[in-house]
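Peer 1: Mind having a look at this structure? Questions to follow.
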């Protein structure tokens, strides 16, 4: 007893002496330093004294605060200004050349009271000198013009963390080793091996937060809902970490985007308008003194309905009726005790884990993230307060902006000891967690929401940047992952949760985990030889045990990597100084209409430019959709099937056709948010493309957000080709001619392209309902059907045959009439296709009739030219005056040798129509103007035959080979006759003319 009293008297005497020194000095900084030391002296003993002694200590502590107030001549909250000045080094403290006054204060859009945050774990070599990093620079959210690194180990895979314009000097705290179990935090369990180490208590204005729970509410800076800041322990070294200001989008939304934001307000039969600060009148009773009622209550799952009794006001539902002394307690919005949030009969494990992560961050000494998310809000107390009429308005981030979510305070009341909503086991009457949960579940469809992933939930609750780490991927390196997040976790710049995959019941029992479940990481500890996570399972399965018990356990990094499927990270957006958002819609076509893999021409595309080189983080957020519009599907953890991705291309901000110019690409994810980290070069314009796989056909809306530390521009990608001309076609059994090696190649669909002004073209062909390899050629054909093709005639081609789609481009195409040839790789395959011509000037696209269209066709018997034969002929018997065309195609080559020669080994060929034979023969028509051709198809076209002038049996159709091959092979030809009248002629059998 004497020792305790002596300790208190010594501390008070030392504090008085320090204040005397503060009064004597004229140096303002020295006075504040003396006040800081005096305050710490008192806070170190406030838990030691009896109640009357604590009252005296509080009064002396308050006097110190008032004196600091008088020295500063403050007009606002004295402690708030005191904290600000100490954190920033005073009003005359030097600032970074590029930092602005707005970076030195809290965000104008935030009502959070905390101005500084402090890490709770030891930090060494804070000002550089740390280990080098091989991580990608894309993980470094640092301004290109910034200086002075803060983290000595990588944050977000980077060697430099908070930028100089955001942070000030840090000092390294000490970690104390204690022996008495009474000094340990009753919420967190410690590793069983080694000394009992307590995380050091961060300070406010240099004051240890050890005794905040016992200090006067108005004598310290209250951080949100819980007045318990951290665990017990003392730290003499002051660490000043200022709250980072979140960047705001500066681009003006287009009218179309504004309409989209308003359209996205309707969801699940409710309306969630963009955020506007509530007025106090909204929470007052009306003239009839009627409490606020929501339009309808949220749905419950069949399992939850087994326990459900009714919807009850918070005054009845909290604390739950089964709680000891429940009748004596009323709902609270704040507590002096630690918070232990749990999930019981609810199915939203990811949501509860998300709330636990935010609470744990606050209890480690960092500023509260959720205190400006709930209204009514007391500016005086700097926290939410109980609503008079039962109405609450919450501020959540989804569907492109911060939005108003209005709820009443009715909670699902259980008729058993099971609880249907989130509950604080340490403080069963605490209301705000249940309100946040209800508001978010209202957005997601109801209490039967099965949960998703915590990084998506935290994106909605806090606006922090979501990232999912797939622990089972081959490129996941545990040591690098730990280094990347450990220091950021200490500085409160990342929230960490984890999720398990599917497990057998036996596996669950062996490792002590639940399959497909969300866990929260409350703390991280690096012991050198071992890296530890403090995990918490928020699911209690009916085991409430009101009190300090908590389902927490320490596990090494190796255990987490081995048994968890994903690590979910949410990064402080204040690590970046600039942000831009763009909102857009996307109609996903059906699979039958899908253009094919790799074709991006119809995908949303954007232009991105950064003033300085450096990392860029892109977040693609898919908007939740209204189930009432019939476009959504039964919701699950991720609501909709399919995957989405972000692709960065080096295309100067112009729209692209294919992924061939891709620089960076993220993973295809089935979550509502996707993240891509990459590095941009200064003053370089990129094209950002949104891609998807297997998203169900429907209309979707998205928001793309870019976070950087440099001035940026984000806009719609420029249209290189302003006009589009399209046509639909198909390959049938008659027109599926195959590639250029096929004798039927020229039977493929062909189009006339008429260009009236010089233009640049992009020609896209895509299969409809199939993924056959396709190809398109632009050739000199004068708008007519092409039957012979030479290399010099090809103006543009799509290269190799590509599965599902192909693109050919031609710049500065002169005025003229051209021919397009559309083909499949394999002859005989059938299917439809879409042909689009993108151009800078208007063009006209017209399909050409297939060969022989409108004529009567007659196929002759196959003609076989043997090894020693050079000419075959058949007599023609003309019956009617007609216009006739003859076509001969090489269809096969046979040989007795084991290896059959390729078709390209054919002989040069000529097809002719002759009058008579022998020396008196007269040629009526001849293919290729009488020249022998190496092509597989030859033809005689447009020959007029009159039976009156041509004697019967003296007109011959001749196949003439220039020379025979050197090998014993036979060449087989198919000959077809097209006539403009039926039964125009007859033929006999083929015979040799040699």
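Using N, Cα and C of the backbone, Cβ positions are placed for all residues, glycine too.
TrEMBL labels come from automatic prediction, so no person has curated them.
Keep in mind the model is a prediction, meaning the values are calculated, not measured.
Pulled these features from TrEMBL for this protein:
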- 349: active site (ACT_SITE)
- 517: active site (ACT_SITE)
- 537: active site (ACT_SITE)
- 1-28: coiled coil (COILED)
- 102-112: compositional bias 'Low complexity' (COMPBIAS)
- 282-573: domain 'Calpain catalytic' (DOMAIN)
- 85-112: region 'Disordered' (REGION)
- 170-204: region 'Disordered' (REGION)
Peer 1: Give me the non-local Cβ neighbours of residue 517 (active site): same chain, 6+ apart in sequence, Cβ-Cβ under 8 Å, ordered along the sequence.
Peer 2: 349, 499, 500, 537, 539
Peer 1: Measure the Cβ-based neighbour count of residue 349 (active site), defined as the other Cβ atoms within 10 Å of its Cβ.
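Peer 2: Summing over all protein chains shown, residue 349 (active site) has 24 other Cβ atoms within 10 Å.
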Peer 1: Tell me, what is the mean pLDDT of the domain 'Calpain catalytic' (282-573)?
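Peer 2: Result for the domain 'Calpain catalytic' (282-573): average pLDDT 90.
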Peer 1: Across all the protein chains here, work out how many other Cβ atoms are within 10 Å of the Cβ of residue 537 (active site).
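Peer 2: If we count other Cβ atoms within 10 Å of residue 537 (active site), we arrive at 22.
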